[in-house]
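Per TrEMBL, the feature active site maps to 10, 136. TrEMBL lists 94, 95, 96, 97, 98, 99, 100, 101, 102, 103, 104 with the feature ATP binding site. Per TrEMBL, the feature domain 'GHMP kinase N-terminal' maps to 66-143. Marked as domain 'GHMP kinase C-terminal' by TrEMBL: 197-274.
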Ligand code: ATP
C-alpha cells in the first residue's frame, strides 16, 4: 500500500527576532507562505516494523538525521505503531537554502504516515508533534500562509497572498541556520511591520505586502554572501516588485505580477547563478 504527499517550500514575507529567551531560544515572529516548488514523498507500508528513508540526494542523510525519519520515528513511538514504512523522498527544494525543505519533508511525513498507518490525527495534533522535531515543522504541516510565533510553533493562519510569480535564486554557498542566529546582534534591529503585513494579507493588498517584506537575518547573512547581494541587486534592477532573503538564507526571492517580467528576471540571473526557479505563489493548502 502506498500514499504520497507533496512537501512545498516556504518563504518568509517577514522574519523578526524579538528577544533571547531564558531557554536560549530566540522568540521570533514571522509571516510565512508557500510556493509551488516541492519535494515529493512516497510512503510504502512494510511488515518489518522498520523505518527506511531513501532521498537519493548526496546532501541529505538517509539515517536518523533525516527529519523525515525523525518524524516517522516520533509517530511510531508515540502511537505504538506495529507497522513499518519505506519513505522515498524526491528532492526538488535546494538543501540548506532557507526554504525549510527538511521541515517540509518532516511535515509531509507526519501527514503521509497519519494516513498510511490510519492514525486519524488532526492537522493541529500533527502540528503539535511537529514542534518536537524542529521550529518550522508546525507551519509546514499546514503549508498555507500563517504568522508563526514563539520558537515558530505557535501558528495563526492567514489568508493566502494575491496570486503572483516568485523567482527564487540560491547562491552556491549554503548557510547554517544555527550559526546565523548565534551571530545575530539584538541591538539596533530594525523590526518589520508584522501587523501591517498581516493587515495587508487580510485585505489582499499586493502592494502593501511588497512594501512590508523584511527579514532581520539579512543583516547577518548578506555581508558574508556577495553572491546573494548581487542576486538582490539584479532582481531589483530587473523590475521585481519586492525582493527579500528567505529564512536564514541564502535564497533570495523576488515577487512579480507579470509572467513576462518573472522570465526576464530569471534570464538576467542565469548568467551567474545556477539555482534559479520561477514558480507560482501557493499560499493555501493545495497539497495534491
Ligand atoms: P530552514 O529554512 O528550516 O532553516 P533550510 O532550508 O535552511 O531549513 P534544510 O534544507 O531543511 O535547510 O536542510 C538543513 C540540513 O538538514 C541539511 O544540512 C541536511 O543535511 C539536513 N536534513 C535532514 N533531513 C533533511 C531533508 N529531508 N531534506 C533536506 N535536508 C535535510
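We count from 1, first residue shown onward.
Glycine is no exception: its Cβ is also placed from the backbone N, Cα and C atoms.
Features per TrEMBL, on structure.
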residue : record           : DSSP class
10      : active site      : strand
94      : ATP binding site : coil
100     : ATP binding site : coil
136     : active site      : coil
Other CB atoms, at most 10 A from the CB of residue 10 (active site):
29
Predicted model, mean pLDDT over the domain 'GHMP kinase N-terminal' (66-143):
97
Whole-number Å distance between the CA of residue 10 (active site) and the CA of residue 100 (ATP binding site)?
6
What is the Cβ neighbour count of residue 100 (ATP binding site) at a 10 Å cut-off, with all protein chains included?
31
Based on a Cβ-to-ligand 1 distance below 6 Å, what subset of the recorded positions 10, 94, 104 would you report?
none
Setting 94, 95, 96, 97, 98, 99, 100, 101, 102, 103, 104 aside, what same-chain residues sit with their Cβ within 8 Å of the center of the Cβ atoms that define the ATP site, listed in sequence order?
9, 93, 247
Lowest local Cβ density (other Cβ within 10 Å) among binding-site residues: 94, 102:
94
